[in-house]
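Inspection log for the structure reproduced underneath, given as structure tokens.
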Amino acid sequence: MRILVTNDDGIYSPGLWALAEAASQFGEVFVAAPDTEQSAAGHAITIAHPVRAYPHPSPLHAPHFPAYRVRGTPADCVALGLHLFGPVDLVLSGVNLGSNLGHEIWHSGTVAAAKQGYLFGLSAAAFSVPLNGEVPDFAGLRPWLLRTLETLLRLERPFLVNVNLPLRPKGFLWTRQSVRAYEGVVIPGEDPMGRPFYWFAPRPLKEAEEGTDRWAVAQGFVSATPLRLDLTDETRLQPTLAHD
């Protein structure tokens, strides 16, 4: 099996290499990741200028994987990775430093990279861990990465799955996407030159429902949410719907 690994935190993120190492237990791994952080980049692709890629060494004390540092978005990395490395069977994105739960998948570069792989007809999965002031212990999470990958690889292909791991998992659950409505908080500030700036600091408005991704992670479970890309509202496609 040939596996392409990417992320949105950038090629220097420890989560990227933790996922690459875990994936190497299942096949031949190739890495193509952004040269700078691309968090919340969504499914943007670069069309206004060329995308550049540079060979990149694996970190010290890590297995060697063919890797490129890409001056582009997470979705760019998948498209370019398939060009540079040739066909693959699986696209993995992460492990993101920060959860991607509920409506966060709309703007997540991590999930978008997996979606890009799925758009090419490939099986794909995104992996994330929460950031709450504690540094993730990727060595401790390794058994759960392996167990989750084993579970995913038993699915009918192609699949698209969003995986969120708590910092100390106690089990695995299949979940549905939560509804994460936000209060849009804008925090103003001023730089030393007297120019205004603004931070966006959204806060969730309600508790997560049981069986959802956010609920599962809060309870200490690895959450795996199968996704689809068809956004059609089937309830509005009634046979009696008039055509203009």
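Just so you know, glycine gets a Cβ as well, placed from its N, Cα and C.
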If I go by Swiss-Prot, which of S39, S58, S178 binds divalent metal cation at the same site as D8, D9, N96?
S39
If you count the other CB atoms within 10 A of the CB of D9 (divalent metal cation binding site), including all protein chains displayed, you should get 24
Shell of the divalent metal cation site beyond D8, D9, S39, N96, same chain only (C-beta within 8 angstroms of their C-beta centre)
N7, G10, S13, E37, Q38, P74, G94, L97, G98, S108, G109, T110
Where N96 (divalent metal cation binding site) sits in the secondary structure, as DSSP reduces it to three classes
strand
Please report the number of other Cβ atoms within 10 Å of the Cβ of S39 (divalent metal cation binding site).
17
